[in-house]
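Per TrEMBL, these features apply:
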- 48-66: transmembrane segment (TRANSMEM)
- 73-94: transmembrane segment (TRANSMEM)
- 106-126: transmembrane segment (TRANSMEM)
- 147-168: transmembrane segment (TRANSMEM)
- 188-208: transmembrane segment (TRANSMEM)
- 229-249: transmembrane segment (TRANSMEM)
- 269-293: transmembrane segment (TRANSMEM)
- 310-341: region 'Disordered' (REGION)
Amino acid sequence: MADTAMPIPLPHLLKRISDATADCTQVNATCPVDQTIYGYYPNLGANAFFLALFAICLVVQTFLGLRNRMWTFLIAMFFGPFAEAVGYAGRIIMHNNPWSNTGFEMQICCLIIAPAFIAAGVYLTLKHTIIEVGPQFSRLPPRFYTWIFILCDLFSLIIQGAGGGLAASANGNATQQKTGNDLMMAGIVWQVVTLIVFGALVADYAVRVNRSRQQLSPAATALLQSGKFRFFVSMVGLAYITVFIRCVFRIAEMANGWANPIMQDEVDFIVLDGVMVSLATVALTVAHPALVFRPMIEHKLQGVSGAVTKSGKKGAADIEEASSPDSPDGRQSYFGGSGRK
């Protein structure tokens, strides 16, 4: 009777492969590209495109944030595109050498955490939209939205960062890689839950406003009918949906561990991660909050302190401060500005 070979359990097979390729630093006969975690040479054109796009968005966001003194929004939309750009630089390094530890560490850490900053940019818009449309229709005081969702986002960021750090420094240690993978997935799951709760609160607020249109102030009615505001809301909605899709994809990608078929499909990654996060970043750049909120804030500042000049440039108080029921002294910091009188 012929001998029947027993199949090797997948964990044991992966360990053998890991042991055999532990010292690999370049692609060669004993270190083929299909034995890397991703199993392919990252596409140079696609990754260079994403790098350039995020770099452009980074420059634009920095300019708009500094010019309009929207500090908290600037922090979110600086580190998001910055981390994405660094991550895609890492993938370009891996195009030249798929075994590069430097390239892998750059892309795994940065591309995992970057969308959390983009999500923070989305969260920051809700509070100020509620202040302008009508706080009385919200179930929570406007200031609570920033604290709740930014803290949840920060928690997700810490978990994902810890997981990415463990995975990046595993150096073939399967146990450490799995722990890092599990932490990253837990952080992304938490991010998805946070996004769902955020979406539910936004939908609830929209329904309550729609049912009470006769109670809206003339200014709020004019705002809701403004084409600029509608464009802003549609772009924030696009950013929300695309970040959500990306997070769901990442959960599916990580659910089966390293080097699984989803993780080794670059087209899926480009479409469901790269394109989704790019759309979110571009949306929050072309519909920067200053385009909608700056005129309203300057108008309020004229009434509160008369500090804004006719030109609205030098000599103006911070446009991130305006009168609001949210603040005891009648002044509210918009998008995290510290302000000055």
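Just so you know, glycine gets a Cβ as well, placed from its N, Cα and C.
Within the same chain, residues 104-105, 108-109, 112-113, 116-117, 119-120, 123-124, 126, 140, 176-177, 179-188, 190-191, 194, 198 sit at least 6 positions outside the transmembrane segment (147-168) and bring their C-beta atoms closer than 8 Å to a C-beta of that stretch. Note on the transmembrane segment (269-293): residues 43, 46, 50, 53-54, 57, 60-61, 64, 67-68, 70, 73, 77, 80-81, 84, 88, 111, 114-115, 118, 121-122, 124-125, 128, 132, 226, 228-229, 231-232, 234-236, 238-240, 242-243, 245-246, 249-250, 253, 319, 334-335 of its chain, located 6 or more positions outside it, place their CB under 8 angstroms from a CB of the stretch. Taking Cβ pairs closer than 8 Å, the transmembrane segment (73-94) reaches residues 38, 41-42, 44, 47-48, 50-51, 54-55, 57-58, 61-62, 64-66, 100, 102-111, 113-118, 120-121, 124, 274, 277, 281, 284-285, 289, 335-336 in its own chain, all 6 or more past its ends. Long-range neighbours of the transmembrane segment (229-249) within the same chain, counting only residues 6 or more positions beyond its ends whose Cβ lies under 8 Å from a Cβ of the stretch, are 115, 118-119, 121-122, 125, 129, 188, 191-192, 195, 198-199, 223, 268, 272-273, 276-277, 279-281, 283-284, 286-287, 289, 291-292.
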